[in-house]
Amino acid sequence: MLDVNFFDELRIGLATAEDIRQWSYGEVKKPETINYRTLKPEKDGLFCEKIFGPTRDWECYCGKYKRVRFKGIICERCGVEVTRAKVRRERMGHIELAAPVTHIWYFKGVPSRLGYLLDLAPKDLEKIIYFAAYVITSVDNEMRHNELSTLEAEMMVERKAVEDQRDADLEARAQKLEADLAELEAEGAKADARRKVRDSGEREMRQLRDRAQRELDRLEDIWSTFTKLAPKQLIVDENLYRELQDRYGEYFTGAMGAESIQKLIETFDIDAEAEILRDVIRNGKGQKKLRALKRLKVVAAFQQSGNSPMGMVLDAVPVIPPELRPMVQLDGGRFATSDLNDLYRRVINRNNRLKRLIDLGAPEIIVNNEKRMLQESVDALFDNGRRGRPVTGPGNRPLKSLSDLLKGKQGRFRQNLLGKRVDYSGRSVIVVGPQLKLHQCGLPKLMALELFKPFVMKRLVDLNHAQNIKSAKRMVERQRPQVWDVLEEVIAEHPVLLNRAPTLHRLGIQAFEPMLVEGKAIQLHPLVCEAFNADFDGDQMAVHLPLSAEAQAEARILMLSSNNILSPASGRPLAMPRLDMVTGLYYLTTEVEGDKGAYQPAGQDSPETGVYSSPAEAIMAADRGVLSVRAKIKVRLTQLRPPAEIEDALFGHNGWQPGDAWTAETTLGRVLFNELLPLGYAFVNKQMHKKVQAAIINDLAERYPMIVVAQTVDKLKDSGFYWATRSGVTVSMADVLVPPRKKEILDSYEERAEKVEKQFQRGALNHDERNEALVEIWKEATDEVGQALREHYPADNPIITIVDSGATGNFTQTRTLAGMKGLVTNPKGEFIPRPIKSSFREGLTVLEYFINTHGARKGLADTALRTADSGYLTRRLVDVSQDVIVREHDCQTERGIMVELAERQGDGTLIRDPYIETSAYARTLGADAVDEAGNVVVARGEDLGDPEIEACLAAGITQVKVRSVLTCTTGTGVCATCYGRSMATGKLVDIGEAVGIVAAQSIGEPGTQLTMRTFHQGGVGEDITGGLPRVQELFEARVPRGKAPIADVTGRVRLEDGERFYKITIVPDDGGEEVVYDKLSKRQRLRVFKHEDGSERVLSDGDHVEVGQQLMEGSADPHEVLRVQGPREVQIHLVREVQEVYRAQGVSIHDKHIEVIVRQMLRRVTIIDSGATEFLPGSLIDRAEFEAENRRVVAESGEPAAGRPVLMGITKASLATDSWLSAASFQETTRVLTDAAINCRSDKLNGLKENVIIGKLIPAGTGINRYRNIAVQPTEEARAAAYTIPSYEDQYYSPDFGQATGAAVPLDDYGYSDYR
């Protein structure tokens, strides 16, 4: 077998008949499979042991040779080689065909490769191949030319003879007619009888003339066909062909079926044809040039690849190994077989029948029919259903052909090569494990025992609990007591991987240290639920076991959950307190006025109370029950750092040191909370809303090592759960309070609604106006009920606590629960003007319930559709970007992109850019950030973290130049400096990081949160596409719905306002030609934008527009942006538009992820003029390859190729990849493989997908070449331990040999006397 680690490219080509015969171990001659009595394979059949190898290890068919000692012998009785049975998975056979057949992929694919090569229309080709027309294969022009006059004379003689014969016959008939008429006249017959005789005579003469004319026409037809006869000419009329064959057979050859195609290919001169086509392309125009270009693609492919086009017509068909198309016996003695066996049997049956017919010398028509059937059976074997009706099995099910085995989700690529089942894995339901540390998970004992079985067995033998592996296995199966102790020992420090489907981003698989737990459910740490998107309502998770030391090291260092706190999409922590924990910490840090033991200032006759000398004293007071944790107190602190402003005031420039005392006015709860934070973190004296907690953890992640952050979030989790329990937050019906003012509020609005109804009935309002008015009224009513609700609820109401703390829910839900549901929409997305006045607490009326179901059902249907769409989008994104890997540290480019940090207002103040988090943050500076005085604030090459951004803003810098993957010049992949900081680690990205896949996951994972809706914007006719459809539209580079024109030039606008359309003319500033935009629908409305004077208003006559400016509402077409403004602008446009959709849903994704995808969309150049290069005009070439080839040509002082950048959608870009393995496993498998085989494509195995398919380590992360051949050396200590010299003491040697030091003994001065 091939060792996958030792080849680095994979080439695919066309197999010739010779190749097929070379691969084969023998010819399959019979359609039989196995003998149904003996169940042994039939000789020479589809499962023959002689061809494919023995069915039992080391045993021949007849049983003469058994056992391994006869290895390699070929039995002289049955001819079977004695070897392993697994060779039946790799040995191929073949079928020798009695007549050649064409390969359906090359004839029927679009475009038809055979048709392009031979310059035949696919329809004509089909007629030839399926025996409906003859084709002329060759003409002896010279001989025909020499003998043309003689042949013409012969033809003239023949024609003369026909004419003479005709004339003679007519003459004789005319005379007979005359005689008959004369006889009738003599008899005095009636005029009627005479007329009948004359008519019949004339009719016969007419028939004579017609017959002769037909004969003459036939001769004319034969002659004209013969004189114009040329190769590749079709003759559909069989009689005409027979005549030509009889008369002029020596001047030409012709045939039908695949044989004729084979002959045409044999005589085809590829080089000459390529030269002719290149000439046509250079000098031709229009359709002719286009056709020549398409044909040259196929011809040049054969010319350059050295493939023989003969491979498109087969003389032999390979038979794949029998184990890959098995036949198995079912219960009840019936057999189940792979469809391929049926298809092969059809081929063999027809082939054998054809051989017999040829031997019998059957008539041509019968032989041709059999050949056609053979062609059809081979077509069905290769690609069933591609032409005509598919061959069906029992129950009218189309049989699965070789092509179907590769295609689609169930095909070989996606089912078995990209998605394999894994050993050492298990799955179970998950429950919460609040007692766990962040890096731990609870593993059920039984599951752990099964997973670690081999490890446990080995350890049992090592510890002498069992004599051998077999008895150890028995011990494990019987679950003896010793087994559990050994299991504890084995799982220590051996991480396991937990995965929850769907794995939408890389945090869907994380490593944990297992802790054994009773029961059968896996226990999961509550803080990782966010990353897995898990909850405990019955979710299941899978466990996988990393086996090798390397795998364990990767799991522990790279995948351990405590090292994966940050989101790879935004760089913000995902392991945040949620739900109960938020409620607990919120409760703990709330300050309640005048609570038990609160601080009281000193009165005239009373000392101040609620003052404590240390947190310990305060805790003691709380334990005694005299102080509430939520009461305000004064406390002296020595171990907590004061907030910045207090620190400056109290401790000056030296700053606070641990042990320095200061007094805080706070609550005991807040002191307890601050004790959870790392030492030296400034005291936070606030109520802990979820957002505040998030900000703190964010800050910790920026400033402290991951291990500290992990410990802190664990402490926050424990404290959160503890205080959530103490707080007694529960929800009961009694907590849902309906505001008493609700009825009077609704009554007042009901009156207003009635007034509107009356106006409508009087005709003062039309239907739409009435609806709008009602919707406004009821929106106000709902808001007012909400306000009344808010005022009526006490602050410590559990529902309000849950909502206010940010734990879950929002105020709208509270209002629905206790106030009123308000307006709902119908399926079209319009508000129904009757509101739902009841709350869920009171219960809905039947009508209210009914109108509420509209929205609810639409929501559910939407979610289901969205999930599938979002998954498909992720799949396409991953496919387009899977080979973007960080390849080097720095590409040394000077280029970069400008990003905004802030906007300067009119009064000179700076307003921080709201999206700085996702644009400038975590990038590398491409040029020094300089303030107005010219001082460098942040130097080039620095990483922009929060402190650096703050420094720039403080220095008044509004924009900086940063490195970006869009301007990176690394050939394949990107460089670390252009990519910048890895969002997941907070450090510069490592070489080998698969940033493409991280980008695809970051964009795809929140896809399910995006809406499916198209938004109705008041009065706009065209819907504005939003949500997921908009993201797809952008990444597929489609022309958007309701596309808006953009200005091609800078100039003044002349606006003509028609009845239904606008006409915009731009008069260019440079005096060039005017640009006219005609028929712009008024429903789309003109664009509002900022004018030169700073005002915002609609585009109007006489305005000045810049190049690329949008003129109407809607979305610009990215292809136009590329044409008008160039690649840089279209990149910025796409990134901005995608971000707009995600920001609308409150999803934070860093720009760099979108840039990685956009870079892949703009990787190619379309060739306009090939110059002196090998490129074909119109072909799409990778930019790096294009530039390299041009440099080479210019160096040889040739003419470089001219090309223009092209924007490709992600599906098209995935299929245009250089890796045929990756493209074939993505979509359109047969088309990709056909194309790759003709071009003899070579896959360099650069991407991840190709390597997964062939089973190599992926070239990313620890799989990149620099880590491939690392040899691990033991340390000195390990070496010393391994090679210690045993102490043999005195029982082995005499005392003279020294005290077991291992020192050499000088034998010369050693006495041998004692031993003699």
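Using N, Cα and C of the backbone, Cβ positions are placed for all residues, glycine too.
Remember, it's a predicted structure, so these values are computed and weren't measured experimentally.
What Swiss-Prot annotates here:
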{"type": "BINDING", "residues": "Cys60, Cys62, Cys75, Cys78", "note": "Zn(2+) 1 binding site"}
{"type": "BINDING", "residues": "Asp535, Asp537, Asp539", "note": "Mg(2+) binding site"}
{"type": "BINDING", "residues": "Cys891, Cys968, Cys975, Cys978", "note": "Zn(2+) 2 binding site"}
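If you count neighbouring Cβ atoms within 10 Å for each of the binding-site residues Asp535, Asp537, the highest count belongs to Asp535. Among the binding-site residues listed here, namely Cys60, Cys62, Cys891, Cys968, Cys975, Cys975 has its C-alpha nearest to that of Asp539 (Mg(2+) binding site). The two recorded residues, Cys978 (Zn(2+) 2 binding site) and Asp535 (Mg(2+) binding site), have Cα atoms 38 Å apart. Cα separation, Cys975 (Zn(2+) 2 binding site) to Cys62 (Zn(2+) 1 binding site), rounded: 64 Å. Here Cys968 (Zn(2+) 2 binding site) is compared against the binding-site residues Cys60, Cys78, Asp537, and the shortest C-alpha distance is to Asp537. Listed in sequence order, the residues of the same chain lying 6 or more apart from Cys891 (Zn(2+) 2 binding site) and placing their CB within less than 8 Å of its CB are Cys968, Thr969, Thr970, Cys975, Thr977, Cys978.
When Cβ atoms from all protein chains are considered, those within 10 Å of Cys75 (Zn(2+) 1 binding site) total 20, not counting its own. When the neighbouring Cβ atoms lying within 10 Å are counted for each of the binding-site residues (Cys60, Cys78, Cys968), the highest count belongs to Cys968. If you compare Cα positions, Asp537 (Mg(2+) binding site) sits closest to Cys60 out of the binding-site residues Cys60, Cys62, Cys75, Cys78. Cβ-based crowding with a 10 Å cutoff singles out Cys978 as the top-ranked of the binding-site residues Cys62, Cys975, Cys978.
For Asp535 (Mg(2+) binding site), the nearest neighbour among the listed binding-site residues (Cys60, Cys62, Cys78), judged by C-alpha distance, is Cys60. Of all Cβ atoms in the shown protein chains, 17 besides its own fall within 10 Å of the Cβ of Asp539 (Mg(2+) binding site). DSSP classifies Cys975 (Zn(2+) 2 binding site) as strand under the three-state reduction.
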